Structure formats: C-alpha cells, structure tokens
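A.B. asks: Below, the features straight out of TrEMBL:
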- 1-14: compositional bias 'Basic and acidic residues' (COMPBIAS)
- 1-24: region 'Disordered' (REGION)
- 48-69: transmembrane segment (TRANSMEM)
- 122-143: transmembrane segment (TRANSMEM)
- 163-184: transmembrane segment (TRANSMEM)
- 191-211: transmembrane segment (TRANSMEM)
- 223-241: transmembrane segment (TRANSMEM)
- 253-278: transmembrane segment (TRANSMEM)
- 298-323: transmembrane segment (TRANSMEM)
- 344-365: transmembrane segment (TRANSMEM)
- 377-395: transmembrane segment (TRANSMEM)
- 402-424: transmembrane segment (TRANSMEM)
Amino acid sequence: MCAPSKSEENRIDKTSQPPPISSPTTQIWPANLMQMILLEIKTQRGMALPLLAMNLTWFAKSAITTAFLGRLGELQLAGGALGFTFANFTGFSVLNGLCGAMEPICGQAYGAKNFKLLHKTLLMATFLLLIATLPISFLWLNMDKILIYFGQQEDISRVAKNYLFYLLPDLIITCLLCPLKAYLSSQSVTVPIMFSSALGLAFHIPINILLAKAKGLEGVSMAIWITDLIVVILLTLYVLIMENRKGGKWKEGGWQAVGVVAIVMNFDYLLFSVMLSLATCASTRVSNELGANQASRAYQSAYVSLGASTVSGCVGALVMVGARGVWGSLFSHDQGIRKGVKKMMLLMALIEVVNFPLAVCGGIARGTARPWLSTYANLGGFYFLAVPIAILLAFKAALGLGGLLIGFLIGLAACLILLVGFVVRIDWQVEADKAQKLASCDVQEDVRIEECVNHRTIETEDGAQV
C-alpha cells in the first residue's frame, strides 16, 4: 500500500477544515463611529432647521391671529379662540394625522426610485383628506349645538361657530398643503417649505389688518385660509417646475388620477345638493311635528323621508351609472381618464345608495334634538372603520382609487346601520313629551318676563297718577 502524496495530504487537510465564517457585509456600528455620527447630524441638520423654521412660522401665525382677535373685544377673543382650538382639535390635527401615513410610503418609494408610487401616494392621500373633510365640516357647522349641549355659554358658542364657518375653506386648503409638505420632506426637500411658510407669514399681518377692519371676526378667520392658500400656490408651483426640469416623471398616469377624481366628484356634488335638501326637510318636519305634540305625524314624516331618500339614492345611482359613459367625455378627451371615470362612477353609485338615507337619518336625529348622535356615528364609522380599510385596500392591496372608495362604502354602510337602528328604536311619544317640556320652558319664561314688564308698567302709571 503506497503512502499518500503531499498534494493529496494538503487536499485532505483543506477539506477537513471547517468552512470560514463569513463576516457580515454591513456593520451596525462602524469603526469610524464619530465620523459617522457627525455625517448623520450634518445630513439631518439640513432637513431639521428648515422644518423648525416652518413650525415656528405656524406658531407665529397663531399668535398673530389671537392678537387680532383680542383687539376686536373680549367676546370675539373668547369665541374666536374657542373656535380655533376646536378647529385644531377636530379638523387640522385629524388631517395631519391621516397625512402621517403618507410619509413612510413616500420616503421608501423615493429611496427605491419608484416615482410612480411616490406620485400615486400624493394623489391618493389628497383624495383621502378631501373625503375626510365631509364629516369634519358637518361637525363644525353644528359646533354651537354641541358646545351648548355640554354647558358652554350661548353667545360664545355662536361666535365660535361663526368663526369656524368662515374657516371652512381652510379644510380644503389643508388637504392640499399637508400632502405637499409630506411629499417634499420625504425627498429631503425642506428649504422651499421654509421659504413659502415665511412668505405666507409675511402676508398674514397685512391681510389681517385689512380684513379685521373690513369684516371683524370673520375677516380674521378668512386671513388664515388666505395665508395657507398662498403657501399652497407657492409649493405647487415649485413641484411643477422641479418635476418639469427632471424630465416629467409624471408620465405614468399620475395626472390621470387627479382628473378622474375631479370629474367624478363634480357629479357627486350635483347629487349632494339633493341629498342635503332631503336631510333638511326631514329635520324640519320631525322637529315641527314634535313641537306640535304630534308624535304619530312625526313618525310618519320620518319614515316617509327615509323611504324617499332610499328611492332618491337608487335613482341617483342609476343616473350616475347611465351617465358614466358620457360624463367623462364632457370634461376630457383622454382615453385613460374616460376609462377611469367609467370605473369609479360605478363605485360612487353604490356609495350614493348609502349616502342618501344616511344623510336623512342624520336629519331625523337633528329633528329629535340629538345632533351629536349622527356626529358620533359618522366620525366613528369614518375614522375607525372607513379610513383604515381604505388605506389597506388602496396601498396594501394596490387597488388605488377603487380601494379608497370601497373602504368609504364600508364605513358609510356601518354608519347607516347604526343610525337606522336609532330611528327604529325611537319612542315618538316620549320625544314629543320632551319637545313639549323644552318648548314650554321657553314659553313660560317669555310669559313670566311679559307679566313682570306689565306689572312694572302698572306700578309706574300708579305712581304717576299719585
């Protein structure tokens, strides 16, 4: 038996040795730790300082608004400050929170150079915020009733509602401003945000001076959304100019989604006017009959209104389905937009079937002096059900606009079930008795005041005769 050669021994030794452990390609803490920290701080400083300046301009704008309210008087200061706080709590903070879901998606899309997803997220977030303004607007318009219900003084509550009424356009503007800021900041572009905010603040003072003298409290409220509109215009121009210089990265259908949303919502606005009229009629009829102590007629008015709204919703949906082939061509000749309109109007038709009776149920709730019930049902169904489902379907399931509308449909259907359950369980005789007590209190107070005035008049005449 021959001994193995040296080459064979070397081969045996190499194969018998365990394989070397591969070192990780990336180290969490590199050897030059201090250099890495300084580099990261320098990178974040370029983003953080402009954002800090932008936030300071927002606080400065709030302080300027409060100062001008104080110059109008104590009642205007109290009501305006209450309205501004209510707007921040129920409106702007909600919209900013919803827009927060956009930032990680845009940041990751920009890092992956997926510009189609980046632009699509901007458009979807804007559309989502615009839909969210509907229940917020309804809440603002009923703010005085809510505050009075919880014990706030009537004069302050009415001033606060008046302030919010003239602040309503800022909801739409915020739906554009928040996504634009998130879109730019996710790309580490923060200097334009700082300059546009500073320029808006510079205009805020003279606008307040002019409008406060001309319209008082309403002018101070209007100055806020005019200032925000200036910022939106500046940021929009910046985005358009920069995207054009980059070679037009919006070629992959980004602008088509904007056109589809605008065209579909134009048809929805037509139906919304009918829906709002039915809800107002239902509220008026129910409240009038309850005030007249006609429980059976209030019951009949409520159910007839609910039935009429259901039929109207179905008719409106059929009209929308029938017009979907023509409606898009009235606004655009682009084939992509027309196809998108035809597809989205089918989903919007289903939403209208739910929307009409939902609005009338809200009117019935207002007629029974319970506006808070429809407010809570709409807010709960929208924010806790519709928005999460819409985000999941639109972004996780990649259904786009269709996913958003399906999520809204589910949330609105849940709201309708809650409010229909409330209407079915109403004890109309009890509601009529409550209305009589409420109305009789005011009548008795008026009678007591009139008797007191007459008594003083008689005493004055007797004294004059003596």
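Cβ from N, Cα, C; glycine included.
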A.B. asks: Between the transmembrane segment (298-323) and the transmembrane segment (163-184), are there three or more CB pairs that fall under 8 A, provided the residues in each pair are separated by 6 or more in sequence?
C.D. replies: no
A.B. asks: At least three Cβ pairs under 8 Å linking the transmembrane segment (377-395) and the transmembrane segment (191-211), pairs spaced 6 or more in sequence?
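C.D. replies: Taking Cβ pairs at least 6 residues apart, the transmembrane segment (191-211) and the transmembrane segment (377-395) are not in contact, as fewer than 3 fall under 8 Å.
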A.B. asks: Excluding the flanking five residues on each side, which residues at least 6 beyond the ends of the transmembrane segment (48-69) place their CB within less than 8 Å of a CB in that stretch?
C.D. replies: 76-77, 80-81, 84, 181, 185, 190-191, 193-194, 197-198, 200-201, 204-205, 208, 212, 217, 220, 223-224, 227
A.B. asks: If we skip the immediate neighbours and take only residues 6+ beyond the ends of the transmembrane segment (122-143), which ones have a Cβ under 8 Å from one of its Cβ atoms?
C.D. replies: 83, 86-87, 90-91, 94-95, 98-99, 101-102, 106, 157, 160-161, 164-165, 167-168, 171-172, 174-176, 178-180, 182-183, 254, 257-258, 261, 265, 362, 366, 371, 374-375, 378-379, 382-383, 387, 390-391, 394-395, 400-401, 404, 408
A.B. asks: Taking a Cβ cut-off under 8 Å, which residues six or more beyond the ends of the transmembrane segment (298-323) line up next to it in the same chain?
C.D. replies: 267, 271, 274-275, 278-279, 281-282, 285-286, 289-290, 345-346, 348-350, 352-357, 359-361, 363-364, 367, 420, 423, 426, 428, 431-432
